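Taken straight from TrEMBL:
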type	residues	note
ACT_SITE	D254	active site, 4-aspartylphosphate intermediate
BINDING	D254, K255, T256, E347, F395, K417, R448, T529, G530, D531, R617, K623, N647, D648	ATP binding site
BINDING	D254, T256, D644, D648	Mg(2+) binding site
DOMAIN	670-892	domain 'P-type ATPase C-terminal'
TRANSMEM	146-166	transmembrane segment
TRANSMEM	186-208	transmembrane segment
TRANSMEM	698-719	transmembrane segment
TRANSMEM	739-758	transmembrane segment
TRANSMEM	779-801	transmembrane segment
TRANSMEM	821-842	transmembrane segment
TRANSMEM	854-875	transmembrane segment
Amino acid sequence: TSLKNRRAPTLCHSVTRGCARKAPDQWRQVQATNDENGSAVPMDVLRAQLSNFVDGVREMGVDIKFPLPSPVLADVRGVLQPRTKVEGVEMMPYVEDNFLPRGCVLRNTPWVLGVAVYVGDDTKTRLNSGTSGLKFSNMQANLNKCVWGLLGCLLLICLYATIMAFSLEGSAAANAELIEDASNPIIRFFMFCVAYYHVLPLSLYVIYEMLKLVFMYQINSDEQMFDPVRGMKAQARAGEIIEEVGQVNFLFSDKTGTLTANEMVFARCHIAGQDLGEFRPQDGSPGEGMLQARRILEGGSVSPMYDNVLNFFTCLAVCHSVQVSYKKKGGDEGPNRPAFSGMSPDEVALVQVAHEAGVTFRSRVRKKSGSASELIVQGPGETERAFKVLHELAFTSDRKRMSIVAQHEGSMWCITKGADSVMEPLLTEPFTQACKDDLRTFSRQGLRTLIVGMRKIPEAEFAEWDAEFCAARNLIDETKDATMQAVSAKLEKGMVFMGITAVEDRLQDGVPEAIEVIKEAGIRVWVLTGDKTETAVDIARSCKLFSEDTTMAYALNADGASMAESLLLQAHDLLEGKDNTGLVLDGQTLVHALPDVSCRKIIYQLGILSRSCICSRLSPMQKLELVCLVREESPSTITMSIGDGANDVPMIQGAHVGIGIRGREGTQAVQACDIAISYFRFLVPVLMCHGRRAYRRIALFLCFYLYKNVALLMCDLWWTHQDQFRARIAFPEYLSTGYNVFFSAWHILFAVGFDRDVNDQVACASPGMYQVGPRRALFNARVFSSWVLLGVLQGTLVWVVPFYMLDTQNAVYDKRTPERFWITSFSAFTAINVVVWAKLILSSPSPCKMTMLLPTFVAFLMYVGVVMCLSYTSLGNSFQPCFEGIPFRWMRSGPALMATAV
């Protein structure tokens, strides 16, 4: 069954004829479901009819051929051939229209005949799972480097301590109360590793990942990004890269549906050398162009432009894949009015303007057999014309055109519409000067243009071409697409120029303001589009990508690598040393420039010199290549891509951060992205609020977490030297264990995860605050080293001061009894906790808010509770006998309190 058109293949009609002969009454009732009334069918009748149909298929027998499984969703190739000869049927292709993906809903379809071909691991869902590589943020990479560095330092320290322990052979270290194998250097080395293990706690990664979940929750619940039309908020689909949203250097954006609303309105047209005028409504009234078109069509052949205008709008009403339904104008009274719908908003706009001008697409009726359909066009007036559409040559990004082959009044016609760059070579005559002038004018107004052409096909040529096209359609190997394109091109030639359509795709609300904020934040914005250069530049000026005083450099229409390099060098010389600069490239130049190594370097340098760039006439893979170019030339540069359609998926997946917009071109971009939003303007809170905060919070978290463990490690190191390298611990085991679990770990999740330096309104209005991220100002080698050195200094003071103030040099060390040494140990441990709590509060941009003070106070209460349980309960005393009664002895000791305070 063709699911797109709800049409059964010819084989099914051959079988159903046999079913009708076997049970005519049942079949007559089932056929009632296919009429316009949609009458219900009893289930028992439906089962009986379907059973007869399956029996008919079994009696006939069919052979089905499919290629090996492919992960490409649109790559559906196969053929079905009956074993029993059927009149008029030899082989039928399986294409994308016959493919039923998971989650689809069939309407107005009483039953389907399905074939399960690819199952298990061969399904497209399984083949596409895990195909894109995992993304890791640069902060994650930096964290891993720091951890490896600390691990190396830890191993060196343990090796140093082991060497020192055996160098003191015969001294106090030789008489250490150690295990029997302590004389083994390997055993001694691992003893030191166990004593210092807390410098690399497992909770570091646990809290790090939990912070990412907090950030995702905050994005998903942000009311700033609520879409009232869809009733949806932003959706963070990948938490691994959220902090990179706060470090973006390059933003690559699609145009149609991303910057624009993808709501097409027919604006102007060029017919017979004339621009008919404005078609958009003016103050609620039809535009002058629409009124003129109606006058010409209503006046009949009296007007010399009648035939040209009629043919132009007839082409628009016939050459499309739009569907039509009918609605009442108001309540239950009044005639039906057509409502057009289709996958392409451009096509819907063209069919709609033809209807408003007086040439209406009324219906599309599928034939009972074959792949043809009858398309009814009404107008001018009440006159109806029938077009038998035999083939539809679909639009692709490579072809950049769409055609239909139709039969009308005994003649075969090919009607084509497409981009001017591909259509001009297909016309019988080149564009006239008036045509070129209007094309340029429409493009400068930011309008999307298409060329419309048609030709009459001789019967002998069509018969030969039709056989070749059907053979190409029945291919199941990888050459099918290329072969069909080549065969289609044989018919699309010798076209007669009908006219030019110009459609407006208005900017989304808030796009100019959003781009202005993004540029002020220091982010370079590149708009990558398949539109004409003039259209793209005009849209760029409308959305404030380029201003009136922007110094513009162009590198266009290169015909070779040497010319491309020359144009890029000229642009480089023009932009060098200037502030407000812009760059314009096109796909033709990039075809020659991207494979050349020297040209790639110049393109990246131009990207650094220019604050914004327009790249026109690009294919989806060229978009990806530009993103990869920036990543390869500068691995530390963070890129972000944003788009709304399937053609944007490569660049979305190729960038560090991919943003998908819920548009009108399907959900492929949203499914492939890291963060999904509804409008481009929502990118401002994503960047300025969530991204900036995530980077600042993660930077503070990493620095603080490693700092506090270095500080605790220094206490152990000093004690190791003072203890003559006996490998004995400085603090009670259960206090050391609780340090990275209860006392200084979990509360960071709340203290850091929910703090805010400024509110959202101030953050969005102050894009300069964002620049700390792209400059990596909050986490770099200098910042990290300063935190580590601070941990070394504070850890040293926290241990040395109580140790010498309480005269602990000669204190007895016994893990079974609460000796005076443990008062010194408790003083130092209390001090280290207070110091790290205070450091976190002072480092926070909001130290006096409850999000910081309340978690810290709860951490303090937990510390007190654990200390009391270890000291004054039988269970605590069994775990830590050396700590019994220590807290109260510490509180009654003036020198201990003084040492802790100092």
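Cβ from N, Cα, C; glycine included.
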Chain residues outside the transmembrane segment (821-842) and at least six past its termini with a C-beta under 8 angstroms from it:
704, 707-708, 711-712, 715, 730-732, 735, 739, 743-744, 748, 751, 790, 794-795, 798-799, 802-803, 806, 808, 811-814, 852-853, 856, 859-860, 863, 867, 882-883, 886-887, 889-890, 893, 896, 899-900
Residues near R617 (ATP binding site) in space but at least six apart in sequence (CB under 8 A):
S421, G530, D531, K532, T533, D586, G587, Q588
Within 10 Å of D254 (active site, 4-aspartylphosphate intermediate), Cα to Cα, which of the binding-site residues F395, R448, D644, D648 are there?
D644, D648
The transmembrane segment (854-875) vs the transmembrane segment (739-758): 3 or more CB pairs under 8 Å:
yes
Hey, would you say the transmembrane segment (739-758) packs against the transmembrane segment (779-801), going by three or more CB pairs under 8 A that are 6+ residues apart?
no
Candidate ranges 146-166, 698-719, 779-801 - greatest C-beta contact count to the transmembrane segment (186-208) (under 8 angstroms):
146-166
For the ATP site as recorded (D254, K255, T256, E347, F395, K417, R448, T529, G530, D531, R617, K623, N647, D648), determine the largest distance between any two Cα atoms, in Å, rounded to the nearest integer.
25
State the Cα to Cα distance, in Å, between T256 (ATP binding site) and D644 (Mg(2+) binding site), rounded to an integer.
8
Give the sequence-ordered list of residues that share a chain with F395 (ATP binding site), lie 6 or more positions from it, and have CB atoms under 8 Å from its CB.
S344, R401, M402, G418
Please give the average pLDDT for the domain 'P-type ATPase C-terminal' (670-892) in this predicted model.
88
Across all the protein chains here, work out how many other Cβ atoms are within 10 Å of the Cβ of G530 (ATP binding site).
21
To see if you understand the setup: which same-chain residues, six or more apart in sequence, place their Cβ under 8 Å from that of R448 (ATP binding site)?
T256, M264, D346, A502, V503, E504, D505, D531, T535
